[in-house]
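Since the structure comes first, as structure tokens, the remarks are kept for the end.
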Amino acid sequence: MAEQFDVVVIGGGPAGYHAAIRAAQLGMKVACVDAALGKDGKPALGGTCLRVGCIPSKALLDSSRQFWNMHHIFGEHGIGFDKPKIDVGTMIGRKDKIVKQFTGGIAALFKANKVAAYYGFGQLQPGNVVTVKQHDGSTVELKGTNVILAAGSDSIELPFAKFGEHIVDNVGALDFDKVPKRLGVIGAGVIGLELGSVWNRLGSQVTILEALPTFLAAADAEVSKVAAREFKKQGLDIRLGAKVGKTEIKKDGVHVTYTDAKGEQTIVVDKLLVCVGRRAATKGLLAEGTGVKLDARGMIEVDAHCHTGVDGVWAVGDCVRGPMLAHKGFEEGIAVAELIAGLPGHVDFETIPWVIYTEPELAWVGKTEEQLKAEGVPYKAGSFPFAAVGRAVAMAEPAGFVKVLAHAESDRVLGMHLVGANVSELVHEGVLAMEFKGSADDLARICHAHPSLSEAVHDAAMAVHKRAIHKAN
Ligand SMILES: Cc1cc2nc3c(=O)[nH]c(=O)nc-3n(C[C@H](O)[C@H](O)[C@H](O)COP(=O)(O)OP(=O)(O)OC[C@H]3O[C@@H](n4cnc5c(N)ncnc54)[C@H](O)[C@@H]3O)c2cc1C
């Protein structure tokens, strides 16, 4: 006999755990099913994000940044020491400790909110029943008045580059036991740039092969240009229009063959990171006859409110359309829990911030200049460089700028594009302005602390109306 719940969530990642906790806060009886195991072989909630994504990658980005600064920045401050060394084992151990702290934190939050956790593989059956094959081999049945599918995503494997010891995805690249002398990366997207940066800073010779002819086409073109210049200075070798067609593991390393404008070429690397995208983890999730539909890419089909069209069945996060970002999943999880409770629930894709945590960081929200031009929207742009911001220069972080885009007539903020230090934090001024339907003039009239990096936002907003104080307009 199936145990009855108001809500059964399949997947305990960002989208699923937010849905579960919010539903419990709203007084519902909730179960959450998750199949993942941590490095210690024990159940680990938090999904890709906490185990092998956002958090561990940021831990390694921070460790490698300290190491890089010791080599390249500390001298400017007059700080000297003998040659710095990196103990990869200690660095990975620190990352694992952070992961354990946060995955354990979700289990504690479930307990505090009385969310029943089931550890095993969940499958939706017709009639909103979820069967769970638990890790001990037993099977339980849960019945949900509502079921929320939050199965997340997995790395895409290329047929000619199977994952193993030498060819890895994010999971492997977050766990190298030593710095690879030569690291190849297929895909110059967020994951390739972040993990490529980690190992480059620690001494790897990193070559990134990107099939597209344009670098970071999703970002504003001026932002990508500055980022490309800074990455080049750091030694990242990014080759565009490079289509990889073959890999071979030989004695001297992985031979990666690609074709670009110059013809066929081969590089030899010690490790190859493949990060060419992720696909919805929907294999085995749905039994016959549930009525839930998958699209051609295996994503669960949903409407604007994350409803699958099957009574009481919803889907959120990476396994449905939209950006594959943890915070997009957070908001969808909360929105669906609130919709189930009869409250309004909504996620505005136009105001989702994007961040790439390289050095400098890239961040943006809203439309790029290229999009506004293509859509024929009249706009004004104002930008301001960090090189003219006292705090940035004092921090030895002068690279980059902030750009504010506003409607030419209404002055409403349509986008904000940033490249520089800590812009992952600054972008939220743009998010807030857009959510509140604010104008560039609103941003310009807000008092910003001096000296702070946020002054670049202030002056960029003033520059929209050619009244920036700290630069010629
Ligand atoms: C290296 C890397 C870095 C990233 N960095 C960032 C970042 O900085 N910021 C950001 O916003 N995003 C980042 N992302 C993306 C982010 O991790 C994902 O967008 C986010 O984790 C998606 O959340 P989710 O809940 O939809 O799915 P997931 O996090 O994938 O969680 C799904 C969970 O469901 C479980 N599951 C799946 N199927 C079943 C089943 N049938 N039964 C039981 N359990 C099941 C899985 O085991 C998993 O635990 C990064 C990703 C990677 C790989």
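Here the Cβ of each residue, glycine as well, is placed from N, Cα and C on the backbone.
As recorded in TrEMBL, the features of this protein are as follows:
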- LYS58, GLY122, ASP318, MET324, LEU325, ALA326, HIS327: FAD binding site (BINDING)
- GLY187, ALA188, GLY189, VAL190, ILE191, GLY192, LEU193, GLU194, GLU210, GLY277: NAD(+) binding site (BINDING)
- CYS49-CYS54: disulfide bond (DISULFID)
- 5-333: domain 'FAD/NAD(P)-binding' (DOMAIN)
- 352-460: domain 'Pyridine nucleotide-disulphide oxidoreductase dimerisation' (DOMAIN)
GLY187, ALA188, GLY189, VAL190, ILE191, GLY192, LEU193, GLU194, GLU210, GLY277 excluded, remaining Cβ within 8 Å of their centroid (NAD(+)): VAL185, GLY196, ILE208, CYS275
Alpha-carbon spacing, LYS58 (FAD binding site) to GLY189 (NAD(+) binding site), which is rounded to whole Å: 16
Candidate recorded positions CYS49, CYS54, ASP318, MET324, pick with smallest Cα gap to LEU193 (NAD(+) binding site): CYS54
Rounded Cα-Cα span from GLY122 (FAD binding site) to CYS49 (disulfide bond), Å: 19
Alpha-carbon distance [GLY189 (NAD(+) binding site); ASP318 (FAD binding site)] in Å: 16
Rounded mean pLDDT for the residues that make up the domain 'Pyridine nucleotide-disulphide oxidoreductase dimerisation' (352-460): 98
C-alpha spacing of MET324 (FAD binding site) relative to GLU210 (NAD(+) binding site), in angstrom: 20
Alpha-carbon spacing, HIS327 (FAD binding site) to GLY187 (NAD(+) binding site), which is rounded to whole Å: 23
